[in-house]
Amino acid sequence: MAKKVVTDLDLKDKKVLVRVDFNVPMKDGKITNDNRIVAALPTIEYILEQNGKAILFSHLGKVKTEEDKEGKSLRPVAARLSELLGKEVKFVPTTRGPELEKAIDELKDGEVLLFENTRFEDIDGKKESKNDPELGKYWASLGDVFVNDAFGTAHRAHASNVGIASNLESAAGFLMEKEIKFIGGVVDNPARPLVAILGGAKVSDKIGVIENLLTKADKVLVGGGMTFTFMAAQGQEIGKSLLEADKVELAKGLLEKAGNKLVLPVDAVVSKEFSNDAPFHTVSADSIPADEMGLDIGQATIDLFTKELQGAKTVVWNGPMGVFELSNFAKGTIGVCEAIANLTDATTIIGGGDSAAAAMDLGFADKFTHISTGGGASLEYLEGKELPGVASISDK
């Protein structure tokens, strides 16, 4: 990649600012999933090995008012990171000012500091989220070099990524480098055949991705709630299934443009209610009863998609095939996940979000080449958009 990576920087004796993505799920002040903290370890450990001083910061949730601060402190993250690194992580409960500056000045080579949630700066005028130039400049003044390892926020121009990078030599961390390599590789130079599998509820969320991938992929397999808008565009009866009526014409246009590249489900698991307790059965895609709704793909579609995947050299998957959180309608997602996991000769990528959670829940995570840490960021990358957080990293 043409961007600087952390290994391109001289880190010895340097104050290294690191934008990490520690936006982890919390419940009652406890971290319920530490994947994002674990994902940042290689970059942090490399900086420490090089005798740099690691100054870490991240956002956590949305913070608009003083009340929102409740439960949004990064203090529990500092404690967990300390356990994972096996060394002390100094936590500074502020985002600017003398306390933070003093703590940074006192840091020794090979030590780690984490300061408070960057979004606490959003309470007074959204300074973080609107990339306030003064804030970006101030944070940049706290370090000698900047490493951006937060792919999850790369699609946003914030003070803590773009703002700092505008004022300081910057590089991608190892996680960011990996994301650019795999997600960027799908868009720029995939090994072929490239098969994309897109699911999720709404066409509107995935229009850009479908449009872009139809120009790049050899096949695009569509599942999830958005299939019914495509079926309606073909004149099929979809009963009470989810429909975005204002997107039917658009779906029609995509179908015409796609030809046989776009593959839709041939059957559906239907029920009268959006519930795990109601009776359900499988029907062919063109005969969904008027009083029922499609909530998953059926076995014939799982078999069809499995067949379409055979021989693929690159597979990218984003979005569940049905209402994955209800066990009666999770079989499609499980089947597709398994089919991708069983491909031995392909680069297999999950574009974050619900699909990543599904693969982890099912114990298939280690069977995939890459699982993205950024749902929104990977989607925008797959749309072919330039990501501000990536673009702002110094060129080699």
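Using the three backbone atoms N, Cα and C, a Cβ is placed for every residue, glycine included.
Record features, source Swiss-Prot:
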| type | residues | note |
| --- | --- | --- |
| BINDING | Asp21, Phe22, Asn23, Arg36, His59, Leu60, Gly61, Lys62, Arg119, Arg156 | substrate binding site |
| BINDING | Lys206, Gly294, Glu325, Gly352, Gly353, Asp354, Ser355 | ATP binding site |
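Closest in space to Asp21 (substrate binding site), of the binding-site residues given as Lys206, Gly294, Glu325, Gly353, is Gly353, taking the CA atom of each residue. It is 26 Å from the Cα atom of Lys206 (ATP binding site) to that of His59 (substrate binding site). Counted within 10 Å of its Cβ, the other Cβ atoms near Gly61 (substrate binding site) come to 14, all protein chains included. A coil conformation is recorded for Gly61 (substrate binding site) in the three-state DSSP classification, outside any helix or strand. Minimal Cβ crowding within 10 Å, among the binding-site residues His59, Arg119, Lys206, is found at Lys206. Cα of Asn23 (substrate binding site) to Cα of Gly353 (ATP binding site): a span of 13 Å. Checked against Ser355 (ATP binding site) by C-alpha proximity, the binding-site residues His59, Gly61, Arg119 yield Gly61 as the nearest. Taking each of the binding-site residues Gly294, Gly353 in turn and counting other Cβ atoms within 10 Å of its Cβ gives the largest count for Gly294.
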